Amino acid sequence: MSIVQLDHVSVTFKRKKAADVQAVQDVTLHIEKGDIYGIVGFSGAGKSTLVRTINLLQKPTAGDVVVGGVDFVKDGKQVISGKDLQARRRKIGMIFQQFNLLNETTVIENIAFALKHSDLSDDELEEKCHKLLKLVDLEDKANAYPAQLSGGQQQRVAIARALANDPEILLSDEATSALDPQTTIQILDLLKKLNRELGLTIVLITHEMAAVKKIANKVAVMENGRVVENGNLRDVFLAPKAELTQKFVGGSLAVVDTLKSLNISLAENEALYQLVYSLNNVAKSIIIELYREVGVEASMLYGNVEVLADEPVGTLLVTVKGDADKQKVTLKFLSDEGVTVTELDERGNRL
């Protein structure tokens, strides 16, 4: 079930003395409950503008926005009341590149600030804040001030504050961009933990494909305000269609570069395949199994392993010798083994 539905959403900024800016153009995305949905693109692609339409920090000029089954926007017009929107926003947490902490208050006071309109007693409020600190591994920093914390610790405080009202959705807008690589990994691991333990749906805005690859299960690629490609992480990463996606991913380009360097020429009754498979599900040597089970000779030209959301995924480039019937049996065998097969020509183009 979709917890966020964006249908044909556009955002246009009107300017008096210059041409209008179309920041988001006709974007449709459906995000399922429990997804970690990565939205990736270069600076200025429209990612941050798009994610702000989910909680109406940015109102669309066209399209529909439905969150948690509640209509926010229809045909570019806000249909939810201000009071109801305020209530719904409490169920949509948000973190940013800048931590936006109150420097003159302690860590626990920063978290409590998000609960100032709650009905909790003082004791309940303190208990909840300590639980949130435990959740983000900062139990010993309750009385510290932001200036006494590292960047990663400050982002953990921001995450705890964003979780204060028990949101169903967390919007992460370039939340790791200001952090060093090791701290970035730690924050991404924390987001993955929150997704797993709380059932939290996360929308991850980033220009770093490695962040998406580490924790997301779905991804959309944006360019010039449009989504040029989207789908399951595995499908998009291992068989990218859009040119921009190929630049981000690099894997498809590696296959093409390999073929160019080898300058291969396929013989009669010889086919070239790209094989993609989960190493968790396919533990056997595919080339040996093809010879043993199908009786065809396969040669490996290229091999690579990517780790996508903790799943090791292998990519092989192989040639298979055999007549049309043998090729048909080969394709069926590979499909039955859970291998995704794409036939290529000698230049790496799909057939």
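Cβ from N, Cα, C; glycine included.
The following features are taken from Swiss-Prot:
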- Gly41, Phe42, Ser43, Gly44, Ala45, Gly46, Lys47, Ser48: ATP binding site (BINDING)
- 4-249: domain 'ABC transporter' (DOMAIN)
Same-chain residues six or more away whose CB lies under 8 A from the CB of Ala45 (ATP binding site)?
Met222, Glu223, Asn224, Gly225
Candidate with sparsest Cβ neighbourhood (10 Å radius) among Gly41, Gly44, Gly46, the listed binding-site residues:
Gly44
What residues, ordered by sequence, lie under 8 A Cβ-to-Cβ from Ser48 (ATP binding site) and sit at least six positions away in the same chain?
Asp173, Glu174, Ile205
Where's the emptiest Cβ shell within 10 Å among the binding-site residues Ser43, Lys47?
Ser43
Which residues, sitting 6 or more apart from Phe42 (ATP binding site) on the same chain, put a CB under 8 Å from its CB?
His207, Glu223
To what whole number does the mean pLDDT across the domain 'ABC transporter' (4-249) round?
94
Quick one: which residues besides Gly41, Phe42, Ser43, Gly44, Ala45, Gly46, Lys47, Ser48 have a Cβ within 8 Å of the ATP site's Cβ centroid, in sequence order?
His207, Met222
